Number of protein chains: 2
Amino acid sequence: MSEKKRRRAEPSQSKSSRSSSHAHDLKKQLKPDADILATLRRLRDAAQSSTSNQTLTISDLNLASPCREVADLDSPSVLLSIERAALSAARSILSGRGFSFSIPSRSSSNQLYLPELDRIVLKDKTSSRAFANLSTVRKATITARVLSLVHAVLLRGIHVTKRDLFYTDVKLFGDQTQSDAVLDDVSCMLGCTRSSLHVVASEKGVVVGRLVFSDDGDRIDCTRMGIGGKAIPPNIDRVSDLESDALFILLVEKDAAFMRLAEDRFYNRFPCIIVTAKGQPDVATRLFLKKMKTELKLPVLALVDSDPYGLKILSVYMCGSKNMSYDSSNLTTPDIKWLGVRPSDLDKYKVPEQCRLPMTDQDVKAGKDLLEEDFVKRNEGWVRELEMMVRTRQKAEIQALSSFGFQYLTEVYLPLKIQQQDWL
Amino acid sequence: MSEKKRRRAEPSQSKSSRSSSHAHDLKKQLKPDADILATLRRLRDAAQSSTSNQTLTISDLNLASPCREVADLDSPSVLLSIERAALSAARSILSGRGFSFSIPSRSSSNQLYLPELDRIVLKDKTSSRAFANLSTVRKATITARVLSLVHAVLLRGIHVTKRDLFYTDVKLFGDQTQSDAVLDDVSCMLGCTRSSLHVVASEKGVVVGRLVFSDDGDRIDCTRMGIGGKAIPPNIDRVSDLESDALFILLVEKDAAFMRLAEDRFYNRFPCIIVTAKGQPDVATRLFLKKMKTELKLPVLALVDSDPYGLKILSVYMCGSKNMSYDSSNLTTPDIKWLGVRPSDLDKYKVPEQCRLPMTDQDVKAGKDLLEEDFVKRNEGWVRELEMMVRTRQKAEIQALSSFGFQYLTEVYLPLKIQQQDWL
């Protein structure tokens, strides 16, 4: 046996050569792009013709007790609501009864997961916030002040951040958590989204690919945004006139994978819109995804790390986070397909052992907690994947696919996953 | 005295009315925009004609001991350097001497601040990393592997992240800090920037305003990027053909202020390019700022929080961070003017007491540490401002200006600062 052959016979070498030849085998399984595109077209057509749960609203459900959601309202409507609230307070004062606001409760005991809508909503509990009451006078004053500030912002037609709002009256608000909380109260009270109040979060998401839209009147062609992509605007109400010839939206957890896809212009080979919030989804990216999904009626495929946090991120896009539950219908995009990286992919795509990471006890706990969540339970495939993750105690990042070559993600893994319709 | 008058006479009320009338007074001081534009034109002309320290290089200084910096090299040159290193190792092995790399030391004892250049550079200490030595064999192997990976990346003409690099050989690298460190070594060894190696950091900066540039061949007009702005590309070598009719670059610490400026289209009233890294400057934003400053020869005015961290951020833009010192000439933009928010602004612009925050002991220590830094010491104005900050123990965010109205920043504060040439 020659020196070279003997080396090959060593277990680690033979293993690594097995895994790289496996990557080659996978590449050979790839059909022509036309076939993969046909798969995507069927997926898109299904999304466009489906009368999915997305069109359902609370009122369709005939619930025993009423639930509360907020809606996107235009500025004149919000202004009118605020003026009505002010007028009603003034009348109440003039008639000698002082005034109070009726504030919907946002506590977890007042939250409800609706499987039919796949969203968290608020139940109907409210509390009275009276001015002439020692325990509520402060909050009532803050509420009145926030209403007046929002009124001023809307009248000027501008947008501000929560931090701006806080600084207009530090003495009254004390600290920002208080003005933030009252802002959410006001949102629920007026029945409109926080975006409708023109109070925006800072943006961190980016988008690239087959999408043309207007940002504050400027026409943006996302196929011409280089590798950096277009920053997702914080003010969703200034985003309009979406047009796209994409077949799907690819939602990516991390910016490293986004950069790979953008540089390889993946969207030219498989027409798609690529979007990432660079980790934890921020409100602006969630609103933007929702808007794309609603207006373009495209399927959404998600590419996240194979760990509990990847799935957690998916859940925030899909079902919302608990502290924004009142706004869940505007922030959530139901029916996102989990494309990868899934626990079963690790063996299927022969991700080398050394690129997998052991899960910590905390990871395993997070995985088990997810298995108790309604949004996981209703999808058998997800339950199986999660159970496998917890059993094998292995996790892997999207980047682990780089072990087969830097462009394995765009050239083999994603095309093959799509070809095999391997999403859940 | 009527009820109303009595209320007005209360100290807090009178104070707030004083500060708001002060804001009004300041607004009245504003001259017509044409005058302010003339000020800016003079500033720009000075920047364009100056033979500032920016054009100095190490070789101009006639230093006693040689210093080391890296340069932007094109891919063929880097490929050639790597092939030379490989060839020299092969020759050394064939002649029976094994092989070793000569690696420049990046330790702080090998770093030097050059006041003439206003940059941190590396002194000439190197260490030998031999393959046939138990204490260095691992690092020598990692170095060879990183060289070969970078070679592959450059050959394909793609860009990858540090994380991608790590995942190509987890078994060898062990953890990412090791491949990252060797990557920096390789950069110093080859005498080229990390960007030249096509290993990029994730981007988080955004840009908006009077700038047109190409991102990977796509022409980007930053006056047509809505409010969200354009995400700054991670791959600076794909950024080219900058054009601008701006009079200055406005460097903003935080995205909230960026959004205010973008929404108010501040750059239309005062032609400028607005850029932010959203907090701590990332490498991509620093490279981008440097490129703009070098190619467009525009003055840079900075708007940061009035606290030690605002100044620290400025210092990273200007002098670099210690662990990237070898790359400082490509990452640093000397001659940034500190426009605001400065400690002296707090009284000058009558920022209300309740919008100022008390500095913690840690803040004060950070401020005192800055007073010891060379880059502060060489600017008397900065020293005075910092001493005032430490003495008054007061800090304030840019957002604190919102206490005079949400658009006070764009409509009064910035125009007035510029009119008065109030930068340091």
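Using the three backbone atoms N, Cα and C, a Cβ is placed for every residue, glycine included.
The region 'Disordered' annotation in TrEMBL covers A:1-28.
Summarising the annotation, TrEMBL assigns domain 'Spo11/DNA topoisomerase VI subunit A N-terminal' to A:138-199. DSSP labels the residues of the domain 'Spo11/DNA topoisomerase VI subunit A N-terminal' (A:138-199) in these numbers: 47 helix, 4 strand, 11 coil.
Sequence annotations record features per position, and here TrEMBL assigns active site, O-(5'-phospho-DNA)-tyrosine intermediate to A:TYR167.
Annotation comment: TrEMBL describes A:TYR167 as active site, nucleophile. The Cβ of A:TYR167 (active site, O-(5'-phospho-DNA)-tyrosine intermediate) has 28 other Cβ atoms within 10 Å, all protein chains considered.
Summarising the annotation, TrEMBL assigns domain 'Type II DNA topoisomerase VI subunit A all-beta' to A:203-239. Remote same-chain residues near the domain 'Type II DNA topoisomerase VI subunit A all-beta' (A:203-239) are listed as 72, 159, 195-196, 245-246, 250, 255, 258-259, 261-263, 266-268, 271-278, 281-282, 284-285, 287-288, 291-292 (criterion: CB distance under 8 Å, separation of at least six residues from the stretch ends).
Summarising the annotation, TrEMBL assigns domain 'Topoisomerase 6 subunit A/Spo11 TOPRIM' to A:248-418.
Counting every protein chain shown, 21 other Cβ atoms lie within 10 Å of the Cβ of A:ASP305 (Mg(2+) binding site). For A:GLU253, A:ASP305, the entry in TrEMBL reads Mg(2+) binding site.
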Original post:
Per DSSP, what is the residue count of the domain 'Type II DNA topoisomerase VI subunit A all-beta' (A:203-239) in each of helix, strand and coil?
Top reply: 6 helix, 15 strand, 16 coil
Subject >> Residues from A:TYR167, A:GLU253, A:ASP305 facing chain B - recorded positions, CB under 8 A >> reply: A:TYR167
**OP:** Please report the DSSP secondary structure of A:GLU253 (Mg(2+) binding site), reduced to three states.
**Re:** coil
**OP:** Would you count the other C-beta atoms found within 10 angstroms of the C-beta of A:GLU253 (Mg(2+) binding site) for me?
**Re:** 24
Original post:
Where A:ASP305 (Mg(2+) binding site) and A:TYR167 (active site, O-(5'-phospho-DNA)-tyrosine intermediate) are concerned, what is their Cα separation in Å, rounded?
Top reply: 38
